[in-house]
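These come from TrEMBL:
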- 3-37: domain 'Galactokinase N-terminal' (DOMAIN)
- 84-172: domain 'GHMP kinase N-terminal' (DOMAIN)
- 112, 113, 114, 115, 116, 117, 118, 119, 120, 121, 122: ATP binding site (BINDING)
- 164: active site, proton acceptor (ACT_SITE)
- 235-300: domain 'GHMP kinase C-terminal' (DOMAIN)
Ligand code: MEV
C-alpha cells in the first residue's frame, strides 16, 4: 500500500493574462489531497472517496457508470473526480509498464472541489505518485508533473494549463509563462482564503476576456498590465516585500474586475478582507464566483470574512513549500 499527498494552489498573480503568454505566479497552499493505492490481484479499479467534502460542501452521488463497469464508485463526489482518477491510473500503469495492474484507491481531500484551488490537479499528482510507488517505480518530479499535466489536458479537452499540476508537484511559488514553469523564491506567505460556495464557468470567463480583448485596445492593454503587475510581483517576492505584494494583489484584482471576471460575492470578500486590514486581497482562479485570497498575518481577515454574508467558508493556508509527498 502507498499513500501520497499533494497541495492545492492559489494564484498570487496573473490568472487570465497567462492565457495570452503573460507570466503568472500560482502558489501551493497547505491544503492537501491524499490518495492511498493498493494493488489488487485482478486488473480492476475500485475508488473510494471518504472525504472529498469540506465543511459540508458536497456533490451528489450518481452511481457507477455503464461506460466503465470495472469501476466501483462507492461514495459521493467520486463521479466528478472519476475521469481524473481513471486517467491518472492509466499514466501510472504506463510509467511502470504494467498495463494490467488493478488498484483499490482511497481519496481524501481538504481542498474544496471546483473552487479554483487546484483540487483535481492535487488528486491527479498524488494519485500518480501513490500508484507508481505501489508498483515499485519512483518518478522524478519533472516526469510526474508532465504525466499529471497530460491527465488534466486529456480530461479537460485540451484546455488545461500546466500551472496547477506543476505547482501541486513542486510546491512553493511557481512562475508560469507559456509552457515554461519554474519554482521561484518566496517569503512565508500568510494566505487567507474566502470561498463563496460557488464557481464560475472557466471556459465562459476565458471567452469573455478574449472577446473584450478583441474589441477594445484598452482591454488588450489591461491584459498586458496584469503581466506588468506579475513582473513587479516577482521582484517583491524575491525581496520578501509582503506589503508590496499586497499592493500588487489589490491592483491585480482591479484589473481582473475591469476584464469582467469578478463578481459581487468576490468583491464583497475582497473588501471585507481589506477593511479588516489584510495587506492585499484579490480573486483567485477564473473568477465569476469561487475564492479570494488575502494576505494577513493576524486573525482579523479570517474573523471579518466569517461575518461577510457572501463568504461560505474561510480558512488560513500558508504557502506550502512541500509539493507532492509520499506519506507511507
Ligand atoms: C483558471 O484557474 C486560470 C485561468 O487563467 C485559465 C487558465 O490559465 O487555463 C483563468
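Yeah, the Cβs are placed from backbone N, Cα and C, and that goes for glycine too.
From a predicted model like this one, the values you see are computed outputs, not experimental measurements.
This view paints the features noted in TrEMBL onto the structure.
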residue	record	contacts (Cβ under 8 Å, 6+ apart)
116	ATP binding site	199, 200, 202, 284, 285, 286, 290, 291
118	ATP binding site	7, 8, 9, 26, 111, 164, 167, 168
120	ATP binding site	81, 84, 113, 152, 155, 164
122	ATP binding site	5, 6, 7, 8, 32, 33, 109, 111, 168
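Taking the centroid of the Cβ atoms of 112, 113, 114, 115, 116, 117, 118, 119, 120, 121, 122 as the ATP site, the other same-chain residues with Cβ within 8 Å of it are 8, 111.
Under 8 Å from some Cβ of the domain 'Galactokinase N-terminal' (3-37) lie the Cβ atoms of residues 103-111, 117-119, 121-123, 125-127, 129-131, 133-134, 161, 163-164, 167-178, 184, 186, 189, 191, 193, 205-206, 209-210, 213, 223-224, 226-227, 229-231, 233-234, 237, 245, 248-249, 252, 256, 259, 261, 284-287, 291, 293, 315, 317-328, all in the same chain and six or more residues away from its ends. For the binding-site residues listed here (112, 114), the lowest count of other CB atoms within 10 A around the CB belongs to 114.
Counting residues of the domain 'Galactokinase N-terminal' (3-37) by DSSP class, helix then strand then coil, yields 4 helix, 25 strand, 6 coil. Note on the domain 'GHMP kinase C-terminal' (235-300): mean pLDDT across this stretch is 98. Around the Cβ of residue 164 (active site, proton acceptor), the number of neighbouring Cβ atoms within 10 Å comes to 29. Among the recorded positions 112, 116, 118, 120, 164, the ones whose Cβ sits under 6 Å from an atom of ligand 1 are, in sequence order, 116. Helix first, then strand, then coil: DSSP counts for the domain 'GHMP kinase N-terminal' (84-172) stand at 51 helix, 7 strand, 31 coil. DSSP assignment over the domain 'GHMP kinase C-terminal' (235-300) gives 35 helix, 10 strand, 21 coil.
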